[in-house]
Amino acid sequence: MEDIIKTLPQHTCSFLKHRFTLYKYKDAWNHQEFLEGRILSEQKFKAHPNDVFLASYPKSGTTWLKALAFAIITREKFDDSTSPLLTTMPHDCIPLLEKDLEKIQENQRNSLYTPISTHFHYKSLPESARTSNCKIVYIYRNMKDVIVSYYHFLRQIVKLSVEEAPFEEAFDEFCQGISSCGPYWEHIKGYWKASLEKPEIFLFLKYEDMKKDPVPSVKKLADFIGHPFTPKEEEAGVIEDIVKLCSFEKLSSLEVNKSGMHRPEEAHSIENRLYFRKGKDGDWKNYFTDEMTQKIDKLIDEKLGATGLVLK
């Protein structure tokens, strides 16, 4: 593994005072742990037709999507007062392909087909995942808010203040396509193109639409992943209960998400609270200059205009 990594193009992020390094492997940038997970999954992961992937670019609503999916598939065992989400961080409830291959394989052996989360580009997914007709849920978000959220997440991980980490430099790197799991537009475009060929196995969810009116999206998600709500459940308000349980306000207020650690056994563990910054859209307006806005709008039109996805 180390021999492969040594040969790859690399970039140390200037806005993070060179404390974070990305490696380019097959046209996508990743930090070392995700890169190792990608290579390992290419070699060892075998998809099952019952697998469901929850795919996203980082900071696009991943935590929320994982919480919703987990609450949906476990609602027969737990309600909103007994759910493991009350004591367990969402990222620890659903395995990540980049990091939890052994757990995923164990689940498959035991016929426990829980969703599998991933930040991989579509073409970076193991071949079996792309050829076995697994269902794929893809959540996407306004690119401007993604940049702001990504910036804060990384600078807090490496323990830099806003003053120490220039946002302008983060913005410029992102626009060059240099970001974790970037380029961002290639990430979205890859899943979108694949959905044109196999629309029946893809569900696209827009973060902003979900925030505005979550119930229809949650119902659509449950139908798609094979756990539809019954008319009786809908009448009883089960969907609304799940929406409340998985809301930013609820999850961010839980002790586990205020003081716990994600993957505490690892050298690069992350504070759970860093996954819960604001949970709203439009925060980019507090950071972007008019020039930045014009630049990013032009970039979105050039790179993603053909998709028809609204990312501004």
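Note: Cβ is positioned from N, Cα and C throughout, glycine not excepted.
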Listed in Swiss-Prot for the 3'-phosphoadenylyl sulfate site shared with Lys59, Ser60, Gly61, Thr62, Thr63, Trp64, Ser149, Tyr207, Arg277, Lys278, Gly279, one of Arg75, Arg141: Arg141
Long-range Cβ environment of Gly61 (3'-phosphoadenylyl sulfate binding site), under 8 Å and at least 6 residues apart: Ile139, Arg141, Leu205, Tyr207, Met210
Binding-site residues (Lys59, Thr63, Arg141, Lys278), the one with most neighbouring Cβ atoms at 10 Å: Lys59
Those residues of the chain, 6+ apart, with a Cβ under 8 Å from that of His119 (active site, proton acceptor): Phe34, Ala55, Ser56, Tyr57, Pro58, Thr62, Leu96, Glu98, Ser180, Cys181
Cβ neighbour count within 10 Å of Tyr207 (3'-phosphoadenylyl sulfate binding site): 23
